[in-house]
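Now, the feature entries from TrEMBL:
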- A:19-39: transmembrane segment (TRANSMEM)
- A:46-64: transmembrane segment (TRANSMEM)
- A:70-90: transmembrane segment (TRANSMEM)
- A:102-119: transmembrane segment (TRANSMEM)
- A:139-159: transmembrane segment (TRANSMEM)
- A:171-192: transmembrane segment (TRANSMEM)
- A:198-221: transmembrane segment (TRANSMEM)
- A:228-249: transmembrane segment (TRANSMEM)
- A:255-279: transmembrane segment (TRANSMEM)
Amino acid sequence: MIEGGLFAPFTEFEFMRRALAGCLALALGATPVGVFLMLRRMSLMGDAMAHAILPGAALGYLAFGLSLGAMTIGGIIAGLVVALGAGLVARSSILKEDASLAAFYLLSIATGVMIVSLRGRNLDLLHVLFGSVLALDDASLLLISAISTVTLFALAALYRPLVLECFDAAFLRGVSATSPLAHYGFLVLVVLNLVSGFHALGTLMAVGIMILPAAAARLWVKRLPAMLGLAIAIAFISGVGGLLASFHADVPAGPAIILVAGVIYVLSLALAPGGMIGARLDRRPHLES
Amino acid sequence: MGHRMTQPLAVLQLDNLTLGYDRHPAVHHLSCSIAPGALVAVVGPNGAGKSTLFKALTGELAPLQGSFRMHTAPGGIAYLPQQSELDRSFPVSVFDMVSMGLWREIGPFRGLSRSQAERVRAALAAVGLSGFETRQIGTLSGGQLQRARFARMMLQDASLLLLDEPFNAIDARTIEDLIALVLDWHAEGRTILAVLHDLELVRRHFPECLLLARESLGFGPTTDVLTPERLATARRLASEFDEAAAVCHRPEAEAA
């Protein structure tokens, strides 16, 4: 009975299997990038960039309709422009980075919604805002998997410079010329994975599968490799849980996935060693000095 | 100054160097030459341009005018920025952090060989951090973190070392240990420039001194440079800032 509820949806329905594959790919690609986003204190920056993808994807949609290629390329271009632009604004004006990012993403989402409504039906708008994880076609699935593959290889290659860039950028600049490569390479990965998440979860929630599992994992473990592994596991479990909830309770899949991740995050926040109550539950006596 | 034919006369040659932000100079027409193996304290009030000078030497800031030349051995330069530039909340162990001093050997991809790992442990032992290998850097005290940064610098094996306020907010015992390391490096023939505020410390350990207050107020033997008159001038000069300063027309020849 329970087994049936857990496995039957996936064995019986192809769209569920596709959604599951999409979630696995997202967990493997987007979530590790999310861990670094969080550790670089760029969580909100990721959110702003996710919104920034919208006008680009919307322009692609305006020109070619619901075409995967056009929306992907539009999204990637818009994301890269904002990723580079936001840093530029913060450096060359008196606005702090948070203000310039807030301005960016408010404008982006307004522009994006406006463009989609110019041509589209409300259904298309919903698709763009909330994704369509239950309707992934071959092309979308290939795109998401390809981005995750590229991400894993790129993270493996950039791992050491990226870690140094995060916690001691001045040292990295002193010993090596890879600092800009680590910084901008990472931003490109963020944009790619946001576009990937955009197809499955929509522009509003793409960041969710990056940041929520990362934040939950951070509360449990201290070492970075363990954190990456745990975050991936949490992201995948959220994917499975969200899909099952969506199937059985007939609720939208994208928000369900993010909500499951959110529940895991809230539980971690309460119980984990780094959380709010967890640290106080440790009643063991202190050690010899 | 001993002029040897085989070695360049100076590890570092500053030639009429002017550095600054938004055209306002933070270092103004600085010329001096640092001999190989010199141990130099860079002294001056806040805002005197000491950190700016180091930023320029490490290539982070382009000169507004003038130039500098560096003649360093293959080890190149190692730069210890002020402590605040390191994110201590990042999850990385002391061993991993210190082993990055071997970057020149291992680069972005290669792992540590057994002998390299041994050298990392030796460096940790040399700074008194044996047994801290697996600790996260976030759990270290300020002094312990500074010891770890010294261990990392030791592994960089550089011929020119730039230390920016290495003893800020560090207790006396730790300063004593770290100064001993600096003196060891000096004995090994490395050239060392250190920004310091503790004049007592400078007088005791640093044979040479560069007194900065945007302009150079003296470079040479410490006892000649750190006179009460010059220090008073330094304090006065560094605090002046003229928003509407006129364009500086000082000719190159006069400044040199």
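Glycine too: its Cβ is placed from the backbone N, Cα and C atoms.
Counting Cβ pairs under 8 Å that are 6 or more residues apart, the transmembrane segment (A:46-64) and the transmembrane segment (A:102-119) reach 3 or more and are in contact. The stretch in A:19-39, A:139-159, A:171-192, A:198-221 that contributes the largest number of Cβ pairs under 8 Å to the transmembrane segment (A:70-90) is A:171-192. Touching of the transmembrane segment (A:198-221) and the transmembrane segment (A:228-249) is concluded from the presence of at least three CB pairs under 8 A, sequence neighbours closer than 6 excluded. Comparison of A:102-119, A:139-159, A:171-192, A:228-249 by number of C-beta pairs under 8 angstroms to the transmembrane segment (A:19-39) places A:228-249 first. With a threshold of 8 Å between CB atoms, the same-chain residues lying at least 6 positions outside the transmembrane segment (A:171-192) that come near it are 33, 36-37, 40, 42, 46, 49, 53, 76, 79-80, 83-84, 147, 150-151, 154-155, 158, 161-162, 164-165.
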